[in-house]
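Down below is the structure, laid out as structure tokens.
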Amino acid sequence: AATAPRIPPTRLALHHFDVSYSLQLKDLWPSVRAGLLCEQKYGALLNNFSPVDHVAQELELQNATDFVSEAPKKAQRSQRGAAAEEAGREESRAQEGSGEGRTVTQAETMTQAEMSPPLPASISSNIKCYTFPRGDITRFRPARPDTLGLLDYYLMDAASLLPVLALNVQPDDFVLDLCAAPGGKTLALLQTGVCGHLAANDVSISRTKRLYQILHSYVPKEIRETVSVTSCDGRDWEQLEGGTFHKVLVDVPCTTDRHSVMEDDNNIFHRRRTKERQMLPMLQLQLLMAGILATKPGGEVVYSTCSLSPLQNEYVIE
């Protein structure tokens, strides 16, 4: 009997996304699809344990900017722009009334714009991650060691920093990174410089070895000794240290959409992994529940994926 042609998992993934995400994102899907299929752009997370001033200057000369410090500025510019538009609309409406009424309306609107509160400062401002502008495909040079052998920056998808920033670690917080490998988010958490204790866990022993390598390449020994690295099933964390942490990051295994459409190796859309893929939302829910149970009363949990799928995001939370 003839065997069915073998379809690469990348094609299976793209077909799956075309069907599901086109319904979810509608007119936005073509541009999102193009983004998924483009070469990945990286951010350079500066290593605060290595002298970084000259590195920042070098990157700025190449037209890279620290997106973490730029984000509040962009948000405030957006706020001012929205206030100006509102002032224009109010003025247009007021022109139909008296001149006096128009003057009062303008003054009130400008006062509201000037009084808009600035975005709150966050301890995460210690984190610096440089990216090149949209459309600039310049590649970062490989990281270099300093005199102590610590590398000067870590290349990662800049979006991977967003869960760390959302966690908003405060001084002396006990922090758990429940699904930590390969280690980029763990390293970013250490860059805040304020963790009272950091526990980094991953179920995969081989991926945990990669986490150890990153810690040794970027973090001095005295800081590494404050990090507890374990390799256990995150779903069982409550049995180990329930109700212990102020902040918990639950960055769960997912369909890793970009990887799924770009790489055949270790692709979750491989036919032999169909059941594993179908069970992802249940695994994600169990990990989220374990993260919640690991948190002290009044603590905070950030749940994150690198997937656009509502089944793996909103539906798990709900």
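Cβ atoms here come from the backbone N, Cα and C positions, even for glycine.
All TrEMBL annotations are machine predictions without curation.
Here TrEMBL flags Cys306 as active site, nucleophile. All protein chains considered, the CB of Cys306 (active site, nucleophile) has 19 other CB atoms within 10 Å.
Annotated S-adenosyl-L-methionine binding site per TrEMBL: Cys179, Ala180, Ala181, Pro182, Gly183, Gly184, Lys185, Asp202, Asp233, Asp251, in sequence order.
Under the heading domain 'SAM-dependent MTase RsmB/NOP-type', TrEMBL lists 67-318. Mean pLDDT of the predicted structure over the domain 'SAM-dependent MTase RsmB/NOP-type' (67-318): 86.
Here TrEMBL flags 70-104 as region 'Disordered'.
Counting only the Cα atoms, the space from Asp233 (S-adenosyl-L-methionine binding site) to Cys306 (active site, nucleophile) is about 20 angstrom.
Here the binding residues for S-adenosyl-L-methionine are Cys179, Ala180, Ala181, Pro182, Gly183, Gly184, Lys185, Asp202, Asp233, Asp251. Their largest Cα to Cα distance works out to 20 Å. The Cβ of Cys179 (S-adenosyl-L-methionine binding site) lies under 8 Å from the Cβ of Asn201, Asp202, Val203, Gly234, Val250, Asp251, Val252, Pro253, Leu287, each on the same chain and at least six residues away in sequence.
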